[in-house]
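Worksheet for the structure shown next.
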Amino acid sequence: MSSQTSSGPPVKRTSSAVSPESVLDSSNSSTAKKPKIESTHKRKSRRGRKGSKRQQKQRQRLDPDPTTTEGVLTKYTIPLLMKQYDNNHGVSKDQLIVNDGTMNWLLKDQVVDNVKILIMDVQGDGVAIVELPSHPDKKVICVIPFGIPGDIVKIKLNQLIRIENGIGYCKADLLHVINPSQLRLAEDQIPCKYFGICSGCQLQSLDYSTQLQLKRRTIVNAYRFLMDESLRSREKIEDKIGQTVGSPLLVGYRTKLTPHYDLLDMKADPPKIPSIGYEAKGRPEWRVMNENQTRVVDIEDCIIGTPIVRKGLANERTRLSKKFDQEGSIGKKGATILLREDTVPKPDSKDDEMNLNGSRDTDHDDTVSTIPCIVKDQPYIKTCVTDHNSTVHEYVNGLEFRFLANEFFQNNNSILPLVIDYVQKKLNFGEGRDSYLVDAYCGSGLFSISSAKSVKRILGVEISAQSIKFAKLNAELNHIDNCEFIAGKAEKLFDQIDFPRDQTSVILDPPRKGCDKVFLDQLSQFLPKRVVYVSCNVHSQARDIQSFLTETENGSKYHVESIRGFDFFPQTYHVESVAVLERE
Ligand SMILES: C[S@@+](CC[C@H](N)C(=O)[O-])C[C@H]1O[C@@H](n2cnc3c(N)ncnc32)[C@H](O)[C@@H]1O
């Protein structure tokens, strides 16, 4: 590790001991106040009854859903930090800035030196308690994107946000790393030049093993926060949370990117071509500082995209730039660009190749850009699809999946074989295909079709009629005749299920908000042998598992068998969590 940041003189690393385990220290969390948890649909109807949209937004800001990143920050991380600070430093929380509506303009733009980052929040931002030069008797909690625990940094205060009990926390920009944490990688080891400016990735300045440990810690903390202490200790939850499984690809893994641009840029006088990329985050001097930084960072290349998606980004940027030169605009709507990898058999002739669906290289004879690959020992090619309504083809463990380009499909093809293998083991199908599988929130049938050979019958349910159409097609393409798929809300499956419960396993893979209470109640009444809950939001997963085990008819007959993270999105804070419930 080098001991130098990108700008300024050589610096010494901080001597304070910082282990990956303390990246988000939660040692006192068992005493943190547990939030009052309401299921998502209850919150919605409560909101629906009261007030205008503005009032609802205001209330949401003051009382965010505890399963959202803002909810975790304000209801768990900040109270925990205050408690630790209280204990360790003898500083009363009376000294913290209260946001009474007058403080915002006093704080804004203050530059503070020698700020020590104490912990990292669930979104990968550093959090510190900052002594204010303007108010020597006061302190303010600051959330500092790209700060790492143990860093000593220079920051600029930004917006003060009011949370529970009038306490405020301040968003701040990391201006300069004065003394880097032991965890921080040297500048030249950070893979992307936009890191620190672009909001897309949060963890590139940590090595991969630290990223994985951090993601396990996110899961541990989510269960500490959202599950009752008595249930946690009865279930020995923390002992059951395994090491997070890494992605085989650390960059070049994302089969879908959706960069966007700001239409307002074109309204300037004279109009200018908008930046195409991702939202800007922070205004760092510690990385490349662009004086004219716009709301969207202009990204020429995104290293987490697969090679063909990266090529697609370059093509689309050239195409839009030419369009702007000719027409003075790149369009009035559709400010998001879809780039999705498609894998198809290599066409026999050049003519067929010209007719392929995919982004074209307008700098080189307008041909569709392709990258050769091998699928099932045959020559295939990859293209980058940009049309939302195109059918996309993807191969997982030799099985073919088709789906609409703008519908859901997992975005990291490299980790899917590991996840599918793990999930199938946990679904614990018996010998001789006498098991049954229910696939709730099944999308275009990834888990069903991957499991079809091991079970007698499968029933999948999914709210998107388009995805169900493709799930049926995918079963046919892979010569599978024991899967049935129905369109509708997940609970619809209980209307028609006739599987023997003792031989049935259920896989759930809901969207970020998690499951509805009505679904969990019916799942419990159905009483399957096993439940494997795959989630892209471990906080809603923890809430749902707490609710299933303690509030549903048969919940007490289940116990948590294991919980394990899978890193679908290296370099970002996201983690996918797979929890397994087993009936006694
Ligand atoms: C995270 S994706 C999982 C898809 C699939 N398991 C896969 O891996 O490809 C969640 C899916 O749930 C669907 N969905 C959202 N709300 C639903 C509901 N209430 N009932 C059934 N499906 C729903 C979405 O359309 C989406 O396809």
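Note: Cβ is positioned from N, Cα and C throughout, glycine not excepted.
Bear in mind that TrEMBL entries carry predicted annotations, made automatically and left uncurated.
Per TrEMBL, the feature compositional bias 'Polar residues' maps to 1-32.
Among the features that TrEMBL reports, region 'Disordered' is placed at 1-70 (among others).
According to TrEMBL, the compositional bias 'Basic residues' annotation covers 41-59.
Summarising the annotation, TrEMBL assigns compositional bias 'Basic and acidic residues' to 342-353. If one looks beyond the compositional bias 'Basic and acidic residues' (342-353) by at least 6 residues along the same chain, the residues whose Cβ comes under 8 Å of a Cβ in the stretch are 367-368, 370, 372-373, 375, 378-385, 390, 392-395, 405.
Sequence annotations record features per position, and here TrEMBL assigns region 'Disordered' to 342-364 (among others).
Under the heading S-adenosyl-L-methionine binding site, TrEMBL lists Gln410, Tyr441, Glu462, Asp509. The Cβ of Gln410 (S-adenosyl-L-methionine binding site) has 21 neighbouring Cβ atoms from other residues within 10 Å, across all protein chains displayed. The DSSP secondary structure for Gln410 (S-adenosyl-L-methionine binding site) is coil.
Residues annotated as active site in TrEMBL: Cys536. Note on Cys536 (active site): other Cβ atoms within 10 Å of its Cβ, all shown chains, come to 18.
Taken from TrEMBL, the feature active site, nucleophile applies to Cys536.
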Measure from the CA atom of Cys536 (active site) to the CA atom of Glu462 (S-adenosyl-L-methionine binding site) and give the result in Å, rounded to a whole number.
17
I need the CA-to-CA distance for Asp509 (S-adenosyl-L-methionine binding site) versus Cys536 (active site), whole Å please.
8
Winner by Cβ contact number (other Cβ atoms within 10 Å) across the binding-site residues Glu462, Asp509:
Glu462
Between Cys536 (active site) and Tyr441 (S-adenosyl-L-methionine binding site), how many Å separate their Cα atoms?
13
What are the helix, strand and coil residue counts for the compositional bias 'Basic and acidic residues' (342-353) according to DSSP?
4 helix, 4 strand, 4 coil
